[in-house]
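Presented below is the structure to which this report refers.
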Amino acid sequence: MSEMTPREIVQELDKYIIGQDAAKRSVAIALRNRWRRMQVDEALQPEITPKNILMIGPTGVGKTEIARRLAKLARAPFIKIEATKFTEVGYVGRDVESIIRDLVDIAIKLVREEAMERVQHQAADAAEDRVLDIMLPRAQSFDQEDPSAGTRQKLRKKLREGALDDREIEVELRASPMGVEIMAPPGMEEMTNQLQQMFQNFGGEKTKRRKMKVKDALEVLKDEEAARLVNDEDLKAEAVERVEQNAIVFLDEIDKVCKRAEQGTGGDVSREGVQRDLLPLVEGSTVSTKHGMVRTDHILFIASGAFHLSKPSDLIPELQGRLPIRVELEALTTDDFVRILSEPSASLVHQYQALIATEGCELEFTEDGIRRVAEVAWEVNSRTENIGARRLHTVMERLLEEISYSAADRGGQQVTVDADYVDQHLGGLVQDEDLSRYIL
């Protein structure tokens, strides 16, 4: 689990997301509270439940990006899912309990990677020994003379220096279990997983011989030895524990399962049903998975939605009560667009410069050029649908279409994108509202 303070978390998010300070602060506090809870007296820990968050804001302002970046910072089991993918129990489609099953699988992968990282040195030594045994076989009986320890050490030294990397050897590897593809209707993933495991276990453990270079053999054998040193049963127990104590679920598009007041009765039956099915998970219940029972009492849920056609009050009252922290994200301004284009280390401007540089052509953006691109994006958003920062992708792609097409023929040249260049390539489209609706 991350031990970063709220201030450090916000600073890290600032590198990738412009503005939205209120949302960043709420998420940072929620993440820090996970750590704080683990520090209090054990008798009090079960009583401290997470304060779930509802993020409200138009599309393209950074709700999903905050979730993506949070996943990397959290170092905890994290899953991002769209609420629209699920249906009420009894209808065709995935039921909400599959969220927890997927979360446990993610946690097992995370814990296994950490465990294998811890035994890397032991695995590397074991892999070296296996390669040395192939190149310099040990004595098979007491009567045979064993190669001197000195020869083996000399060979080990050469191996570590990389002098034997290109030599080809034949190694015996564990064969991958036979893959069986089973097709099943949505919502039956648990059954198909169990059937696949059953078929894989039929064959038992088999080995196969492969010829490869020493360098490649060391890598493959190191992974195999690391997997051998890791206890799967311990991994599963630790993964379930992590899910119960530290996991975070990001529920996107929660507004799409709202039933609007003006719709009256009838309509989409499974919408409200999805909300009712989510209730036990968010409130705290026990979900059965193939790795054991998982309690959801201390899983943090962060829900988000644009709420264009509905309001947070259209959620069923019980679910509203389970999302006590409300954060409103602001629509982006021209100045925000300028910062989005220039400040992040992997901004759109830097991405296009790196792509065009591969052709030997230098792409340069002036300050007034970047501002003009931001103004065009904001203008198109205000005239047509406001899709936030995603509009920048469309505008930039249209602006640099000619350069991208002819970059291979412009090796050694420098192309400067200033305000005049932007007006020349996009001015007509921005003025013509009908064209901008379809093209930008």
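Cβ coordinates come from backbone N, Cα and C, glycine included.
According to Swiss-Prot, the protein carries these features:
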type    : residues                                                                : note
BINDING : Ile18, Gly60, Val61, Gly62, Lys63, Thr64, Glu65, Asp252, Glu318, Arg390 : ATP binding site
REGION  : 138-159                                                                 : region 'Disordered'
*List the residues of the same chain that sit at least 6 positions away from Lys63 (ATP binding site) in sequence and have their Cβ under 8 Å from its Cβ, in sequence order, or write 'none'.*
Ala23, Met55, Gly57, Asp252, Ser304, Leu329
*If you count Cβ atoms within 10 Å of each one, which of the binding-site residues Glu65, Glu318 comes out on top?*
Glu65
*Tell me, by DSSP, whether Glu65 (ATP binding site) is helix, strand or coil?*
helix
*Output the one of Ile18, Val61 that, of all these binding-site residues, has the highest number of other Cβ atoms within 10 Å of its Cβ.*
Val61
_For Ile18 (ATP binding site), which of the three DSSP-derived states applies: helix, strand, or coil?_
coil
*asked:* Which secondary structure state does DSSP assign to Glu318 (ATP binding site), in the simple three-class scheme?
replied: helix
*Taking the residues the record says bind ATP (Ile18, Gly60, Val61, Gly62, Lys63, Thr64, Glu65, Asp252, Glu318, Arg390), how far apart in Å are the two Cα atoms that sit farthest from each other?*
34
